[in-house]
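Below is one structure; the comments refer to it alone.
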């Protein structure tokens, strides 16, 4: 048996995995986010630990944990958890979706002109390094007391094992890691007036970083089992769905849309707002494009058009008048990350006439989200990734009609697989399983999810969509000056 813990933003999820790789028990505990000022997003690390402790005890009530061999941790990335020399938390953790430090991003890139080469990424307010610069500038008395900086899941590890440790995939999201070398960058740390001594030790995702402290093991009804490094949420989620080898790729359609592709070497294209991070598996990296509003656009449009829900919206789109002039939708309801890196980007309908009604608007929304997802996929492929097929997961991927439309727009074979909703906790448990079974291959331990349906792009429809995609791109560029 193996345990996977996923420290999310809205809750902690813990799962129990058997030797066959099946989830036999799961528990979730809710978390809340504090927003004391505009753009701020914070959580109390003590809340993380209390929720994890409750979830683990509930899991133990559901199923004996005596046979657990190892435990893995995944979690929300980028959060800045600041500790003093007595391991006390100095202030609430500043989360990945906190937007206060845009100025510090500009300042850091000016201080280290080669930062994009070292980190493989554009400096963004979500990342950890600019948050520390903000603390130094606005809370100097707190900054002076910092002994260690930990990422959210690694604070849980400290409470479980007493060890200061992190994994490569999560560390890559700090902007302090030399992503190609898989080591801390002294240049990036010095730019924030920090040193290696204030950073956790680095491990690969399936390496053991320590063991459960006796008092924690006793409280959870377990042995003092090894704890593995684990991974950031996206990398751990990818491990869970079997994204192991170079050129394997997955498209996750949730509130946001994430396109994740594995590479065997370090590739980057920071100017396109593609994230380039280490994978949670050794000698592997990954590229990731992020669309901020994917399935959330469908929820919004269903309400806007008076349709009861997303399935009704998709049914309406299928009834759209084929002879009507096309309508375009720019799906930037929360700004956009890849490829525009523009928090000021806005949503737009364009091309409306008296011919158009709710059905045509519904179709435009599905197509517009598809065009934006394809833009994100294209910039990842431009880095040198060549997937044969793309695994499609997430709640937004349930519609067969929309899945086929996405294949036709992108020109990619899309393989819809079920079971991806377990999320990063599954990847964390599988990383623990790898550590406990060194004699077994990754292919054996990390199978792909069951295939439900493959969607091949229709050549005719693909050809018809390309000029519309070009208009979609031109629309954004033409409207850009008005979006500031």
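Any Cβ shown, glycine's included, is placed from N, Cα and C.
Values in this document were obtained by computation on a predicted structure and should not be read as measured data.
Summarising the annotation, Swiss-Prot assigns site 'Important for activity' to 6 and lists sequence analysis as the type of evidence. Around residue 6 (site 'Important for activity'), the C-beta neighbours below 8 angstroms that are at least 6 residues distant in the chain are 12, 13, 14, 73, 74, 75, 233, 236, 423, 424, 425, 428.
Within the same chain, residues at least 6 positions away in sequence whose Cβ sits under 8 Å from that of residue 78 (substrate binding site) are 95, 96, 126, 127, 128, 131, 151, 173, 174. In this structure, residue 78 (substrate binding site) belongs to neither helix nor strand by DSSP; it is coil. What Swiss-Prot lists as substrate binding site is 77, 78, and the listing cites experimental evidence.
In the three-state DSSP scheme, residue 233 (active site, proton acceptor) is classed as helix. Look at Swiss-Prot and you will find 233 tagged as active site, proton acceptor, backed by sequence analysis.
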## Note on the structure
Cβ atoms other than its own within 10 Å of the Cβ of residue 77 (substrate binding site), all chains, total 26
### Summary
The number of other Cβ atoms within 10 Å of the Cβ of residue 233 (active site, proton acceptor), counted over all protein chains shown, is 28
